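Participant: Below is the structure I would like to discuss, written out as structure tokens.
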Amino acid sequence: MDIILLGPPGAGKGTQSQRLVETRGMVQLSTGDMLRAAVKAGTPVGLKAKAVMEAGELVSDAIVSALIGEHLDQSRDKGAIFDGFPRTQHQAEALDILLDERGRKLAYVIELEVDEEALVERITGRFTCASCGAPYHERFRPTQIQDQCDVCGGHEFKRRPDDNEQTVRTRMAEYRAKTAPILPYYEARGLVARVDGMASMDEVTRQIDTVLDR
Ligand code: AP5
Ligand code: ZN
């Protein structure tokens, strides 16, 4: 089953994707993660994307659609969770073509409904384990033992360079201007399911499970 998780920055797309990977063996395809890996590796794509991401703007449709195309077949057996993609009408159409070519079809577009102001706190408080990537939050999901990763025991943590308030505001404006407008494209096909992204993480997971088990 292939699904899209749609929602503004901080809505919980990454958190919920990770849970679906663990519980259902689905494959998370996050264009944000792919781009961050490219920046870290210093590839030509990374060099182009770095400043755009730090400004909170969108990387070009051609670059991100190509990244998804490269990774899509990894999810052939267990299904994909598209996290942070598509983000524009162009990308939505590109995804349809990529799936069509493989005889695959979207099952659901899950929209995480959230209150944008609350998201600023979610994002500015977020950090991850530098070794295993486990996600945390200063207030909502601290490590159980201070400065020690619950998953791998690592002691180093990192923050994203685009997780400051000013960039978050730009990212949200980009979401409103370019990404939210693609919802009707999926609504017309009856694919959109809404879940309450302001509920607790477990409750959001429960609501997503209800949709997927319909
Ligand atoms: P990307 O990496 O996709 O970032 P984003 O969309 O801004 O989303 P986030 O990762 O910030 O949030 P999330 O929804 O995953 O929330 P999370 O689960 O972490 O994109 C980054 C950049 O890359 C873009 O700005 C753009 O430049 C570029 N890019 C990427 N894809 C692109 C594309 N397709 N086209 C063009 N450019 C692209 O949760 C956030 C925090 O809240 C965490 O700390 C978490 O622990 C906490 N939290 C989660 N759920 C809850 C809850 N229910 N209650 C309380 N706390 C919660
Ligand atoms: Zn770890």
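Along the chain as shown, residues are numbered 1 onward.
Cβ from N, Cα, C; glycine included.
From TrEMBL, here are the annotated features:
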type: BINDING; residues: G10, A11, G12, K13, G14, T15, R126, A199; note: ATP binding site
type: BINDING; residues: T31, R36, E57, L58, V59, G84, F85, P86, R87, Q91, R160, R171; note: AMP binding site
type: BINDING; residues: C129, C132, C149, C152; note: Zn(2+) binding site
type: DOMAIN; residues: 126-162; note: domain 'Adenylate kinase active site lid'
type: REGION; residues: 30-59; note: region 'NMP'
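Help me see these features in their spatial surroundings.
Facilitator: Taking Cβ-Cβ distances under 8 Å and a sequence gap of 6 or more within the same chain, the neighbours of G14 (ATP binding site) are Q28, S30, G32, D33, D83, P135.
Around V59 (AMP binding site), taking its Cβ as the centre, 19 other Cβ atoms fall within 10 Å, counting all chains.
DSSP assigns C132 (Zn(2+) binding site) to coil in the three-state reduction, outside any helix or strand. There are 12 other CB atoms within 10 A of the CB of C132 (Zn(2+) binding site), with all protein chains counted.
Per-residue pLDDT, averaged over the domain 'Adenylate kinase active site lid' (126-162), rounds to 95.
Outside the region 'NMP' (30-59), and at least 6 residues removed from its termini, the chain residues within Cβ reach (under 8 Å) are 13-14, 17, 67-68, 71, 83-85, 87-88, 160-162, 166-171, 174, 178.
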Participant: For the ATP site made of G10, A11, G12, K13, G14, T15, R126, A199, how many Å separate the two farthest Cα atoms?
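Facilitator: Of all Cα pairs among the recorded ATP binders, the widest measures 17 Å.
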Participant: Can you list the residues of the same chain, besides C129, C132, C149, C152, whose Cβ falls within 8 Å of the Zn(2+) site's Cβ centroid?
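Facilitator: Not counting the recorded site residues, we get A130, S131, G133, A134, D150, V151, G153, G154.
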Participant: So if I take the binding-site residues (T15, E57, C129) and measure from each Cβ to the nearest atom of ligand 2, which come out below 6 Å?
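Facilitator: Result: C129.
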